[in-house]
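Enquirer: I am attaching a structure below and will ask some questions about it afterwards.
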Amino acid sequence: MAALTIAARTGNWFSALALGVTLLKCLLIPTYHSTDFEVHRNWLAITHSLPISQWYYEATSEWTLDYPPFFAWFEYILSHVAKYFDQEMLNVHNVNYSSSRTLLFQRFSVIFTDALFVYAVHECCKCIGGKEVGKELTEKPKFILSVLLLWNFGLLIVDHIHFQYNGFLFGLMLLSIARLFQKRHMEGAFLFAVLLHFKHIYLYVAPAYGVYLLRLKLKFLDPNKIPKASMTSGLVQQFQHTVLPSVTPLATLICTLIAILPSIFCLWFKPQGPRGFLRCLILCALSSFMFGWHVHEKAILLAILPMSLLSVGKAGDASVFLILTTTGHYSLFPLLFTAPELPIKILLMLLFTIYSISSLKTLFRKEKPLFNWMETFYLLGLGPLEVCCEFVFPLTSWKLKYPFIPLLLTSVYCAVGITYAWFKLYVSVLIDPPVGKTKKQ
């Protein structure tokens, strides 16, 4: 608190928050990392050692390059720095290669590229308003939003323990959103186009961008001129169900389209300005997460991070954010399944969740409670669920016969909370009035 007081007086509180989380990321360097670590090492080797024409055809390792071209060039640039750490990591035939220098380089490359995410958060804080309820720095919406984004638990464990490069990608998305709020629409559209060339998962939210920007610039929309999306497929396992009917890609596509259509129609026919766009974006992300084909649990961050921007504006949005964030973050727990990371993930999530709830309750203390009794009971149920999955179940005789039960319980329980948050947000989108005709979008 003393450090925050000094930072507040000097006006450098944002830098202090960014530096603090960077130091925490450095402390996480020795922790467990997933197979994604080898995936990105192999991509470094491919882009560094082979001509461009072979990048997407090299198959020495099962982890072939399957991201769009900009990410391939991103790996190419990183590889020219990596050679000064350990040249052996850039050998395509060194499958599953690892060394202390390789670990340091790859971990620090994620931390370094997070600079774009930090800048994007700073820009978002400039354009996202909120209620001013006190003179204290910690009660200001911009401070709360900065903590919710910079110290986001899910992003920390996915990028800096599990290992991925989501930080700078979300930085591009948040910066694009900030530009739309600032009415710099061309910049926002350009940044999103760049983002799609880095990772195709962001196609989930493309409908929100397309409708919002087209409504601003065109008088009509010709559906016959909308191009069909094409996606690459990574290494996934496909199974035929023996009890329930197998779910086909076509079925998930239809369900996803049905789920996002109401939000798209609201964005077009009942415009609510940039905040309406942001709500539509979140609903597109959530709908794709819930009904999509081969969706990874990490995709929940595509809804959680943008929802942070809305959480400091209205009590209703804060309630949805807290339910979605708490449930969505807990659903990421199975990613870190090794014993040394158990206390880390529990402690980090507790700290982030307690701060999120307490800060937003303070921000909206003059309004009705953020949770009703049912929501409170549900969120508190995550504690017994964790105790059951991590400590009780391993002691039972079911551990060997039914090892999937903890994952099943976690998935079902979290699905209830995420679906509830999705429904609650949808209701607010449908009942909120449109922006006045005199107010420019």
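Numbering starts at 1 and runs along the chain as it is shown here.
Placement of Cβ uses the backbone N, Cα and C atoms for every residue, glycine included.
I grabbed these lines from TrEMBL:
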TRANSMEM  12-33  transmembrane segment
TRANSMEM  164-181  transmembrane segment
TRANSMEM  188-212  transmembrane segment
TRANSMEM  250-269  transmembrane segment
TRANSMEM  276-293  transmembrane segment
TRANSMEM  335-357  transmembrane segment
TRANSMEM  377-395  transmembrane segment
TRANSMEM  402-423  transmembrane segment
Enquirer: So which of 164-181, 276-293, 335-357, 377-395 has the most C-beta pairs under 8 Å when paired with the transmembrane segment (12-33)?
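Expert: It is 335-357 that shares the most Cβ pairs under 8 Å with the transmembrane segment (12-33).
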Enquirer: To the transmembrane segment (188-212), which of 250-269, 276-293, 335-357, 377-395 is linked by the most Cβ pairs under 8 Å?
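Expert: The listed stretch sharing the most Cβ pairs with the transmembrane segment (188-212) is 276-293.
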Enquirer: When you scan the chain for residues with a C-beta under 8 Å from the transmembrane segment (164-181), skipping those not six or more beyond its ends, what do you find?
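Expert: For the transmembrane segment (164-181), the nonlocal Cβ contacts are 36, 40, 74, 109-110, 113-121, 123-124, 126-128, 149, 155, 158, 187-189, 191-192, 194-195, 198-199, 202, 205, 212, 274, 277-278, 281, 298, 301, 305-306, 309.
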